Amino acid sequence: MSSSSNVTSLPRLTTAGGVFPREMVRVHSSCNILRSKAKVGGINYFNPGNIKCVEVHKSRQVAVAAVKSLEYETEKPTNQDVVSEKMRVLSERIGTMLQNMNEGEISISPYDTAWVALVEDTDGRPQFPTSLEWISNNQLADGSWGDRKFVIYDRILNTLACVVALTTWNMHPHKCNRGLRFIRDNIEKLENENEELMPIGFEVVFPSLIEAAQKLGIEIPHIDSPCIKKIQAMRDFKLKRIPMELLHKKPTSLLHSLEGMQGLVWEKLLDFRSDGSFLCSPSSTAYALQHTKDELCLQYLLKAVKKFNGGVPNVYPVDMFEHLWCVDRLQRLGICRYFRAQIKEMLDYVYKYWTDKGICWARNTNVQDVDDTAMGFRLLRMHGYDVSTDVFKQFEKAGEFCCFPGQSTHAITGMYNVYRTSQIMFDGEDILADAKNYSATFLHQKRLASELVDKWIITKDLPGEVGYALDVPFFASLPRLEARFFLEQYGGDDDVWIGKTLYRMPYVNSDTYLELAKLDYKKCQAVHQLEWKSIQKWYRDCKLGEFGLGEKRLLLAYFLAASTAFEPEKKGERLAWAKTAFLVETIASQQLSHEQKREFPNEFEHGSSLNMENGGRYKTRTRLVEILSNTVSQLSFETLVAEGRDIKQQLSNTWQKWLKTWEEGGNLGEAEAQLLLQTLHLSSGLDESSFSHPKYHQLLEATCKVCNQLRLFQNRKAHDAQGGISDLVIGTTFQIEASMQELVKLVFTKSSEDLDSITKQSFFAIARSFYYTAYCDAGAINSHIYKVLFENID
């Protein structure tokens, strides 16, 4: 058939560059596999599967114009511009928030404000009159003080503290009476409240507050009730366990609740201040100021009262906490790519104050906790900062881990973050291996007992967060899969933290983040759904179903690509990944004789060569070879248009290597990983010098090794399942985990002469996709595919 036969006329195409001349474009209408063909630099490029197929005999610019014009013709009108503008506004708003981060945005605590209001100046007057004013102005309609989230521990503690402060200064007796009425009507509810919702130190400070109220002549209703007696007994038990000599010997978490203690030796305790405060606690520091008149304590409180216009938070500053948890939320919501510069600044800030013992919620503190330390370690390591596992030593004793050294109880979220951190261990990091075993066991037990209620946060779906972490380990957690689940688990503005009182962190829990994340997800999902239709068309036009694999396998291939390289601008990489993976599986599934296998790569090689030499008129004897050749041409053409680079010969050579391995019965998992990686890198326009970089070869070797292990493991699982063996070991193997740890170390560590982070991450992305399919069962995978690609976001 001549190149001019069966050509239908095409109207002139209007492009951004003007009118596209009719004589430059011809549309073929009689091919089994429709083609667009562009002759650029003397080479014909085929594009199988297009609705309209263009043969262009001009420059690359002309080819680009034709493709863009045809794409424009098939676009449907959408509200894309409106959505894009909304996303731009939200991104700018969030960017401004992140740039303005300082010592932490946090809500005010009536309890701590009351303790500050109790401080006298040298003349016996209120040292902080604006704190009394804040109390007066912030009583709730029911007579209580506290967060809008009703937790009886929080409301009773805040309300009694404010009543004590106002009564001390003989102010607003009617407000005091309303507060006491609230206490009388609600105090017995303490009996039935979940103890996990009890604020930090409540059992110590609440009885002390009752005693202070009684000294003022305030009658506390139901003082002899069982719930009050129980709390007092808890206080006595805890104080007996506190070695006072230890309290005065070195900094401990007890510095946070000094207002609930007796017999303190202030001369010794003053040595434990940090930035003028006792563990960043305004109430504890105010109590110290009452007894010592210490100038540094005064300056700390003056600064806090000024910043918060009379009120004070339950803890301040919270800069390390805010920086880290903000980065974590942005990452898990899938929108961190919009804020790379700000995230680097935030992590640089954290690293500046990182210590060999870990960190706490604020910089320069003399006490560390495992929750902030684990979160910091995890994020810093994942972004290439050099951090040592020695920071966890003080939190471990005989294989058990605690939040503060010597503490016996655990918070769910503390162990949850230890567990998440333990999964990015490098080979040989035994303390993280111990942390993983301990935290995983703890979380599994809590889940089985339906006790996933945290003592540090009231969040929308903590059981869902913990369940996802346990069911989908880090090595299997595809980025878009994690984001899709977290969009449902993240509560935004409604999430509230538990400290000495309930408090909120607007730069950590934000509806603005959630709104942008949902818009971003919907935008990406819409792109993915259109691409899925186009790849289905490719499958049907090529009649690939005749080779034995259904669209379900194609959908899995596309899901893995779209869940990893999900950004709209990565269309070329997604389609190249999905089509390559599916063709690999299709070819490998064919029952061919040794002779047929030997002919296949030869025919592909000669067919590819002839296609380039004679305009594509060479007809291969094997239709599958023809489909492969045309797909390679299509992917090459699309990369030429997008990146301005001719990759056809390199892509053909990469396929030849895989076909040779397949023909010889070699390690197909290893060969497939190499094929996918090089296809991705070629399609993305990766600089050619990167392919010869020493680190590239290290990463390629490590990735191919673990992918081969995973594919063998997956095949064995499938074989065992077919044989009726159902009691498979949960997880993978020690060798696989060690190989993944080796790869993770190469990806997450930086060297003086290194590849860029995005390229290194692509190796982990391919390994992760192999791990995912090897680890997750078919039912889970099917539900994930539906959820990520097709389920609507509310």
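Just so you know, the numbers here start at 1 and follow the chain as drawn.
Backbone N, Cα and C atoms are what each Cβ position is placed from, and that goes for glycine too.
Swiss-Prot lists motif 'DXDD motif' for one of the ranges 369-372, 393-396, 421-424, namely 369-372. Of all the binding-site residues listed here (K238, K455), the one with the fewest other CB atoms within 10 A of its own CB is K238.
If you take the Cα of D371 (Mg(2+) binding site) and the Cα of K455 (substrate binding site), they are about 13 angstrom apart, rounded to a whole number. When secondary structure is read from DSSP and collapsed to three states, K455 (substrate binding site) falls in the coil class. Taking a C-beta cut-off of under 8 Å and a sequence gap of six or more, D369 (Mg(2+) binding site) has these contacts in its own chain: S253, G358, C360, W361, C403, F404, G414. Mean pLDDT of the predicted structure over the motif 'DXDD motif' (369-372): 96. Mapped onto DSSP helix, strand and coil, the motif 'DXDD motif' (369-372) counts 3 helix, 0 strand, 1 coil.
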